[in-house]
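S.K.: One structure coming up, written as structure tokens, with questions to follow.
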Amino acid sequence: MTQLNIAPTPADTAAANNNANAAAGAKQVARWRVADIVALYELPFNDLMFKAQQTHREHFDANTVQLSTLLSIKTGGCEEDCAYCPQSVHHDTGLQADKLMPVDEVLAAAKVAKENGATRFCMGAAWRNPKDRHLEPIKDMIRGVKAMGLETCVTLGMLETHQAQGLREAGLDYYNHNLDTSPEFYGQIISTRTYQDRLDTLERVRDAGINVCCGGIVGLGESRRERAGLIAQLANMEPYPESVPINNLVQVEGTPLTGTEAIDPFEFVRTIAIARITMPRAMVRLSAGREQMDEALQALCFLAGANSIFYGDQLLTTSNPQAEADRKLLERLGIRAEAAQQMPLDQSGCEHSCDKHAAPN
């Protein structure tokens, strides 16, 4: 999958910065190269933030965020060996594996999420890939959540073509399937699923007409260039994802990444800003790891272009700031919670090749 977008070509550090300056304001030119994104990382912090905020305001109300709730509908027992994940059977984290939640319990949780202000309800199941029989109750969940007027998203692992089509027919708005990291660093994080496996699932989702939710995790021990490689992969998709969750590693005792040096907070903010610049129309979602951030750091992330947060008491198997604290922070910042600002793939004037795939609005 390829994406025509902005792409300066730096020759040295000074030229790289000049090209990065031009890139942020340019329209469609060419693919993003890893070196171009490294050049953005190397900009002075204030310059990068200014460019990200300019880009953000061109496409969104800078003082609104979407509130999303994520529910783990099937926890633990996953066959994959992702080094960061406590749900893997390969890691001794003390996590108790559970079966798929009943439909009525999921819908009850969605009702509470809506009452608390969420407009997007995400359902995650710890599978390598679901069996067809698993999808029937999930389709009922999707229909029930949509009937409440909530945007729907699921993350279930790898999908076959007919499975993606079935989820689309049930009315699914978004399918989440993260790349996690760059192709170069990927082998140090997971061995049970290839990078191409992930790209293939994303292509099936796109071909089915479902909006793509795809991002990654930073703080895994990757280098800046490898972080840039992740952003390049995302930004060069055709089209780039409508939804881009940026996760900050939450270290869980018993996983191989326990003890990994944490990413510098400003580097995390830079990553948010660069996601906004390179994917200007995407919803950039401040995801896992937010509980590790103080309020000032979260505010910088909003300034950098994050316009969605996962909201509530639990984010899959890691804790998340409580809903009341979130409400107070947003109020102090003058940020309003609003409904989804979804990017339709067939919108006129779309910056990337929109005519290839249709998606629900």
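Please read every residue number as a count from 1 along the shown chain.
The backbone N, Cα and C atoms fix where each Cβ goes, glycine too.
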S.K.: If Swiss-Prot gives C122, C153, R285 as binding [2Fe-2S] cluster, which of C213, C301 does it give for that site as well?
M.R.: C213
S.K.: Around the Cβ of R285 ([2Fe-2S] cluster binding site), how many other Cβ atoms lie within 10 Å? Please give the count over every shown protein chain.
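M.R.: R285 ([2Fe-2S] cluster binding site): 26 neighbouring Cβ atoms within 10 Å.
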S.K.: Given the [2Fe-2S] cluster site residues C122, C153, C213, R285, which other residues of that chain have a Cβ within 8 Å of the mean position of their Cβ atoms, reported in sequence order?
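M.R.: What remains near the Cβ centre is S68, L70, R120, T155, Y174, N176, S243, P245.
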S.K.: Would you find the one among the binding-site residues C122, C153 whose Cβ has the most company, meaning other Cβ atoms within 10 Å?
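M.R.: Highest number of other Cβ atoms within 10 Å: C122.
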S.K.: State the count of C-beta atoms found within 10 angstroms of the C-beta of C213 ([2Fe-2S] cluster binding site), not counting that atom itself.
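M.R.: If we count other Cβ atoms within 10 Å of C213 ([2Fe-2S] cluster binding site), we arrive at 27.
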